[in-house]
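Colleague: What TrEMBL shows for this protein is this:
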ACT_SITE  K19  active site
DOMAIN    79-157  domain 'GHMP kinase N-terminal'
BINDING   P107, V108, A109, G110, G111, M112, A113, G114, G115, S116, A117  ATP binding site
ACT_SITE  D149  active site
DOMAIN    219-287  domain 'GHMP kinase C-terminal'
Amino acid sequence: MSQLAEPESSSVTVRAAAKINLHLAVGPVRDDGFHPLETVYQAIGLYDDVTVTDGPQWSVHVAADAGIDLGSVPEGDDNIAIRAGRALTAHHGLGLTAEIEIHKGIPVAGGMAGGSADAAATLVALDRLWGLETSDEDLLAIAAELGSDVPFALIGGTAVGSGRGEVVRSVPDTSQLWWLVVPHEIGLSTPGVYRHFDVLAERGAVTPADPKVPSDLLDALEVGEPIGYLLSNDLEPAAYDLRPDLAELRARLEELGAEAVLLSGSGPTQLALFEDVDLARDAAARLTGLGILHWLAPAPVAGCHVIELL
Ligand code: C5P
């Protein structure tokens, strides 16, 4: 049983950022059903805020910014934030429980790891609430059990991810980017997109190889040179094949003068890249004129951090 430090607050709020994949190389499916990845993650300025307080049992309540549909987010024990809380208390051999309030600014089922952000934020918030002082190494290990993207949600910034995405290594990034983030009201299931990737591989429509991160992308990030032509996402053929309706939106985004248009992770969120904030704002205004929901997000941004202690 761990020794608990004196609690310093009755409520802790932690902010966690959305992730995108600047490069997502996917290999052939492994025996455990996961796919080997080499990816470059970047944290971008759309956030979920998670507030924890002591409670008589585990509970979670979820609210959202305008434009975010909470349709598929469970409010019971299946919520990944509760799974995170249980994993942390099990790690310390403690029987503590908490109330978890999630405020979502990251689209749900959008390919931006919103659930992973909530899990990571919950770990950091409970660790602080209860003065557990869990080591970074242990937090990363607990995060990796919860989901492939959760370790990156802890560290933020820009990082190379390998394994199934859970092995993360921060990399230098001096770029100052603006991402126009365009969600879609109908989400895509990440396992469903990976399964369809396998179907396309069986048909020979995609040929998964040993995944690798190109060194020219890492070099460009380090010195802040343009990266638009270096972006890639191996899940795009599967996602666009499942959802041909996304092609029309993509074509519109390609007319906005962005340096690149990219699918975010397993989609359906699409991303338009700008290095000039004025061009990004003009493009955002054009989307407003077309009645297309969007957010403008800076990148890279920090990982989980405490924003309020009461
Ligand atoms: O790890 P996480 O829970 O985020 O993964 C969700 C699902 O996405 C997995 O169950 C699996 O179907 C798929 N996935 C995969 N290969 C990865 C990561 C995720 O096939 N590297």
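Placed from the backbone N, Cα and C atoms, the Cβ positions cover glycine too.
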Colleague: Name them in sequence order: residues not among P107, V108, A109, G110, G111, M112, A113, G114, G115, S116, A117 whose Cβ is within 8 Å of the mean position of the Cβ atoms defining the ATP site.
Modeller: A18, I106
Colleague: Which residues of the same chain, at least 6 positions away in sequence, have a Cβ lying under 8 Å from the Cβ of A117 (ATP binding site)?
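Modeller: Once residues fewer than 6 apart are set aside, A117 (ATP binding site) is near A16, A17, A18, K19, Y47, D48, I106, A153.
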Colleague: For P107 (ATP binding site) and D149 (active site), determine the Cα separation and express it in whole Å.
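Modeller: Per the Cα atoms, P107 (ATP binding site) and D149 (active site) stand 15 Å apart.
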Colleague: How big is the Cα-to-Cα gap, in Å, between G111 (ATP binding site) and D149 (active site)?
Modeller: 11
Colleague: Considering every residue in the domain 'GHMP kinase N-terminal' (79-157), what is the mean pLDDT value?
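Modeller: For the domain 'GHMP kinase N-terminal' (79-157), the model's average pLDDT rounds to 98.
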Colleague: Tell me the residue counts in helix, strand and coil for the domain 'GHMP kinase C-terminal' (219-287), as DSSP assigns them.
Modeller: 35 helix, 11 strand, 23 coil
Colleague: Please determine which of the recorded positions listed here (A113, D149) has the lowest count of neighbouring CB atoms within 10 Å.
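Modeller: Taking A113, D149 as the recorded positions, the minimal 10 Å Cβ count falls on D149.
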Colleague: About how far apart, in whole Å, are the alpha carbons (Cα) of A113 (ATP binding site) and D149 (active site)?
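Modeller: Cα-Cα, rounded: 7 Å.
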Colleague: Measuring Cα to Cα, how far is D149 (active site) from G115 (ATP binding site) in Å?
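Modeller: With distance taken Cα to Cα, G115 (ATP binding site) is 9 Å from D149 (active site).
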Colleague: According to DSSP, which kind of secondary structure is K19 (active site) found in, if we only use helix, strand and coil?
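Modeller: DSSP assigns K19 (active site) to strand.
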Colleague: Cβ-Cβ under 8 Å from G115 (ATP binding site), same chain, 6 or more residues apart: which ones?
Modeller: V73, I80, G147
Colleague: Who sits close to A109 (ATP binding site): which same-chain residues at least 6 apart have their Cβ under 8 Å from its Cβ?
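Modeller: Those within reach of A109 (ATP binding site), by Cβ under 8 Å and sequence separation of 6 or more, are S72, G187, L188, S189.
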Colleague: Count the other Cβ atoms sitting within 10 Å of the Cβ of P107 (ATP binding site), across every protein chain shown.
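Modeller: P107 (ATP binding site) is surrounded by 27 other Cβ atoms within 10 Å.
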Colleague: With every protein chain in view, how many other Cβ atoms are within 10 Å of the Cβ of G111 (ATP binding site)?
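Modeller: Summing over all protein chains shown, G111 (ATP binding site) has 29 other Cβ atoms within 10 Å.
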